[in-house]
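Under the heading coiled coil, Swiss-Prot lists 230-262. The compositional bias 'Basic residues' annotation in Swiss-Prot covers 50-68. The phosphoserine annotation in Swiss-Prot covers 114, 116, 144, 147, 149. Swiss-Prot lists 1-84, 143-165, 201-220, 262-287, 312-331 with the feature region 'Disordered'. Feature annotation from Swiss-Prot assigns zinc finger to 324-355.
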């Protein structure tokens, strides 16, 4: 960043005879001494900005001396006429980059505006004078031996580039060289590709296109169509139209039926009324077929027939058994018979009587001292 360089200007009346020598030396490139009435600028800043605060204090002290000195020597300075000459200096970090003396300049008669950052403005109480930006650029180009600023030619260059790009796009469109998105194909930089990608790219470029040209004049000729073939073709087309119309009609009927079924419960009578209407409208369910029931129980077995159905054969009724119910065959057991022994066929009532029966009838392992017999 450029540091603010404080300058001290002090009017110095030069009546010394050495001033003539200074004027002569200016023609040979030496330092030019200021004329009477001009200001001498002294740069008080280092290359790195060291000692800036000290110089400010000295400037503050010299300011009072300068005012006092101006009051004393106001008379002789006003007597000498000053030449209308403007000296511009470009300072950056305390170093003077260029100096240009302009004998004539143009003052811009416009309204108040913010000063350009390219203008050199001193901190002293001097009148502000504006210089046109074009003239200032010309001075900079002369001092730095640079070419004129290319900013004026930018709009024209952009228009030319757009026209060239549009022309290249139209040419690629005619040749069919656009990509899938309709843009120009970008050139592939092989330096950015890997070795494998470079090899695949070269292989694709070396191989011919797999597309084959279509035969123009060769091939078998199309067979001639007779009247019979034309009639068959028309018949097949008519059948296809009829089938398509039939399918459309069936689909339409199915859609209407489905809509009426879904819209029926939302009628005026509600779901119950719609359900009752559907029940009333349907045919009565067929009566159940006559059924024969057979029941077997402790009191006996029964066979039931529906009313109006005759029995196939007359059933002979058995006489009821007379006498008391049979009892257990084991001597001394008062319990009634519950089942028969699988080996002897005797009536038994429990497992204990079963073992006693085996011992008595078949001579089993149970002896006379068996606990079963004792119980």
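The backbone N, Cα and C atoms fix where each Cβ goes, and this holds for glycine too.
Mean predicted confidence for the coiled coil (230-262): the pLDDT average there is 91. The DSSP breakdown of the zinc finger (324-355) into helical (H, G, I), extended (E, B) and coil residues amounts to 5 helix, 6 strand, 21 coil.
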